[in-house]
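Take a look at the structure below.
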Amino acid sequence: MTILNILIYPLRRAGEHGALALALSLLIGLAFPALAAYVKPHLREIIILLLVSSFLRVEPDALRQVTRRPLMIILGTIWLLIAMPFILFGLFIALGLPQSHPDLIVILLLTVTAPPVMSAPAMAYVLGLNGAISLSVMILSMLCVPITAPIITDWLMPGLLPISALQLSGQLAIILMGSWITAQILKIFLTQSHLTRYKTEIDGLNVFLLFFFAVSLMDDVGDHFITQPVFALLMTMATFVLAFFQIGITMLAFAPFGSEKAWPLALSVGNRNMGMMVVAIGSQMPDASWLWFALGQFPIYMLPLILTPILAPKRRRG
């Protein structure tokens, strides 16, 4: 076995068992919270590397899916970035969250206005779904979110965020454009055939980056489960409820398109890129919002395992 094979073997194994590896990442982060002290200072860099790695996986042919499926993709993006924030924020107001839990509103607002996680297309493919739909919605959302997120957050809760709407827009644009340009530069040296050949290894690299991302957030989570077990458990349950609510209502709204198209869109809507939004505002959040941010990774990391038995029969029939 050559040195190169020795180096890429862990990446390949992680890529082959991505769903299980992601779930284990959370457990390791909880079991060894001291690791966060070494990783958390590099949270911004980890998130940017995740964006770069994901942009590397975007194939030119996949980009054409945006124009090949215009109605579904455009409606899905409008639903994700505009309709869902107003639906969910109306629900938050009905539940009295701005008054009862004002420290949570910052991260909740960032969550419901965020684009899908960059791993949504890969997650769709792993689950046997149409990843092209997830990819198309993700790409269009990334293009729109520097405009939609600042306008909607400022409209729903003026002055809530620690930076202005214009600053948020600029930060999101810089993060996304910088990551995309870096990926394009890397593609000069890595041909499409290389990227296709080492697709599993790149997935494995994403798994390792997501592991470090999870570890960086778990420093105080274990303490909260010890000192405030009921509060921490209820908040964890709430993150799952929010994710499944978004998935469920999206499945209902897009049922006319068929479940084969609705499922990948619903998965994208239910898994939001909170990390990118937090980096954009400079990590200036109340402690309760940080806890939600950390616990909000649980559904993202565990949904592939949870949904696999649900979607397995559909995959076998397909």
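Each residue, glycine too, has its Cβ placed from N, Cα and C.
TrEMBL labels come from automatic prediction, so no person has curated them.
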According to TrEMBL, which stretch among 20-38, 172-190 corresponds to the feature transmembrane segment?
172-190
Across 104-126, 172-190, 230-255, 289-312, the most C-beta pairs under 8 Å with the transmembrane segment (70-98) come from 104-126
Using a Cβ-Cβ cut-off of under 8 Å, list the residues of the same chain that are 6+ residues beyond the ends of the transmembrane segment (104-126) and lie near it.
18-19, 50-51, 53-55, 57, 80-81, 84-85, 88-89, 92, 97-98, 132-135, 137-138, 141-142, 145, 148-149, 152-153, 156-157, 160-161, 203, 206, 210, 242, 263-264, 267-269, 271-274, 276-278, 281, 285-286, 288-290, 292-293, 296, 300, 303-304
